[in-house]
Amino acid sequence: MTISRMLLGAASLALIAGMAHAESGTADKRIALSNNYAGNSWRQAMLQTYEEIGKKAVADGVVAAADAYTTSENQATEQAAQIQNMILQGYDAIVLNAASPTALNGAVKEACDAGITVVSFDGIVTEPCAWRIAVDFAAMGKEEVDYLATRLPDGGNLLEIRGLAGVFVDDEISKGIHQGVAEHDKFKIVGSVHGDWAQDVAQKAVAGILPSLPEVVGVVTQGGDGYGAAQAFKAAGRPTPLIVLGNRQDEMKWWAEQRDANGYETLSLSIAPGVASLAFWVAQQVLAGEEVPKDLTVPFLKITQDTLDESLANTPEGSVANVTYSLDDAKKVIADAK
Amino acid sequence: MNPLSKPWIWSWLAAAGAFALTLGLTSGRGAGELGYAALSFGAFAAIVGLGQMLVITLGPGNVDLSIPATMTLAATLALKTMGTVEGTAFVGLAVALGVGLAAGFANYMLILLLRLPPIIATLAASLIYQSLAIWSNRGLRIKPPRELADFATGQVMGIPNVAWAGLLLAAVVWVVLERSVWGRWLLATGQNTHAARLAGIPVEMIRAATYLSVAVFASLAGYLLASFSGGAALNMGTEYLLMSIAVVVIGGSSIAGGNSNVPGVWGAALFMFLVVSMLNSYGAGAGVRSVLTGTIIIAIVIAASTRRVRA
């Protein structure tokens, strides 16, 4: 009696385990996040999103582990070593925000050869065996100018605030902006500075170039620099131009204040840090045996005059507007790419 | 006496040159604006530069690489403590300076007790400070109280308040270095630590005081910068690492120590802002800008040091 009950128990346990396995197929898989940098609010929001979704996925039994690792010095060599450690630790998949599009290719190839799924996002890698979740940064830059063209039909002088010199993303967004200006030839870029995606650096650079500039009607930015630009215009006693923003909470708050005071209207766009959660689900889908195209595109998060209040309410003080992607979102992105 | 024999004159000449070249583009328009901006932003570089100058004066191998992390940690904790509540500016300042003292003390203890070279000690410590800053607030940007923000972006008699703070600090450092026994001790230590020790100078006390000063200056700069730019960000200190060393060298202080130069630090701080503004105004790309900035810095350093040798 006791023995048969035990057998029954064991059998039903096996059955349950088998069912769970059939449902996700990844319950025993371990996914690691390799991140190259944590020193700004965007990366912090990214890590938090990954942590939340990872914890939930582990609790739900979708995966066995979803750990996050960040290198301290933002160096490709350091991250390559980190990836090699992950190979030794036996992870099944690595979700990767890379310090360099090419310098990690060797380590990524080693991981692939060891049978590990590598999904790169935001900072993508060019190694063919890895998956890439990229943002069409050039389109983002172009959209800024397209928007300005609808708001300022007479055109005028633009100030461009770029990101960190020498970084792929900076070149791409700037390329899109210049493409947009070539199309809307009523606009002219009269000045270009590097704001390093940081408000204080942007503020400093804009304050330095403003005295030599004629009247500026619009500012095209890359995110994390709009508020600093606004401060610099204010300090110089110039009228506030149309500044395209980058989804930071302080930018949105400033926008809402200006809107309430004088009807200020603009557009805000950037990639949501939650793209890490999308990468996580893509990795899970690859591990589950789904066929996933190697190149995926994630839409950028756009905030307009109509959605400003909602986004502002949903964004923690001092953080950046975010969306957390679900498994269904990932499936949709995969289906769109097929 | 030939004014060109003063090593600090070169950074001021360079700053004036960059200023004039920028205005040449606008035929004189915006001079006040540019000068005001240079004083505002130069103040932060000058404050951290003064601190770095004291450390470098201590002699070969002495440098504080934890300045950016100390700035970030001090600013983050100060702004978190104030939490945008009015009337807390002095509490925040006390927190910031307290963080500076603690960081300076920790740096010095690492150097003294573990006998680590200052470069290694301060670099390692900076990782800890930066991690503490991340851990304490996860990168969220808290706004300064309105009155403090108004003060930091305000002006008195046409000079930005932050520049007043930087100028006052420079004056204090100058008096201490040039007119006090402590300053003489510091210079003597920097010129020859061994001789200084034999002469009965309390070398370790001087070193401790110097490492405390630089960290306190960095925390003050962080506090002011965060108040000025609308909140502390995790990457706010990044550019002040090289900046703090550059303004010391351009300012005419000897990188080998034992010879410091307060007016030069301010000239160099203004120059570092103005040269970027000038190159931006002329539309130079990032690559050209870096190359030209580097070339100009080397030229100034050569000019300043050659003159010193001849004098």
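Placement of Cβ uses the backbone N, Cα and C atoms for every residue, glycine included.
Same-chain residues lying 6+ beyond the ends of the transmembrane segment (B:38-58) with a Cβ under 8 Å from its Cβ atoms: 15, 19, 64, 67, 71, 118, 159-160, 162-163, 165-167, 169-170, 173, 186-187, 189-190, 206-207, 210-211, 213-218, 220-221, 224-225, 228, 240, 243-245, 247-248, 251, 253-255, 257-262, 265-266, 268-270, 272-274, 277. Positions annotated as transmembrane segment by TrEMBL: B:38-58 (among others).
Annotated transmembrane segment per TrEMBL: B:89-111 (among others), in sequence order.
Taken from TrEMBL, the feature transmembrane segment applies to B:118-136 (among others). Non-local neighbours of the transmembrane segment (B:118-136) in the same chain are 55, 61-70, 72-73, 76-77, 80, 103, 106-107, 110-111, 232, 234; each lies 6+ residues outside the stretch with a CB under 8 Å from one of its CB atoms.
Look at TrEMBL and you will find B:156-177 (among others) tagged as transmembrane segment.
According to TrEMBL, the transmembrane segment annotation covers B:211-234 (among others). Within the same chain, residues 40, 43-44, 47-48, 50-52, 54-55, 64, 66-67, 70-76, 78-79, 92-93, 96-97, 99-101, 103-105, 107-108, 111, 130, 133-134, 137, 139, 141-144, 148-149, 151-153, 162, 165, 169, 240 sit at least 6 positions outside the transmembrane segment (B:211-234) and bring their C-beta atoms closer than 8 Å to a C-beta of that stretch.
Within its own chain, the transmembrane segment (B:240-258) has Cβ neighbours under 8 Å at 6-11, 14, 44-46, 48-49, 51-53, 56-60, 62-65, 67-68, 71, 187-192, 218, 221, 264-269, 271-272, 297, 300-301, 304, 308, counting only residues six or more beyond its boundaries. Sequence annotations record features per position, and here TrEMBL assigns transmembrane segment to B:240-258 (among others).
According to TrEMBL, the feature transmembrane segment maps to B:265-282 (among others).
The transmembrane segment annotation in TrEMBL covers B:288-306 (among others). Under 8 Å from some Cβ of the transmembrane segment (B:288-306) lie the Cβ atoms of residues 7-8, 10-11, 14, 246, 249-250, 252, 264, 271, 275-276, 279-280, all in the same chain and six or more residues away from its ends.
Proximity of distant same-chain residues to the transmembrane segment (B:89-111), defined by a Cβ-Cβ separation under 8 Å and at least 6 residues beyond the stretch ends, is recorded for 64, 66, 69-70, 73-75, 77-79, 81-82, 117-118, 121-122, 124-125, 129, 144-145, 147-148, 151, 207-208, 211-220, 222-223.
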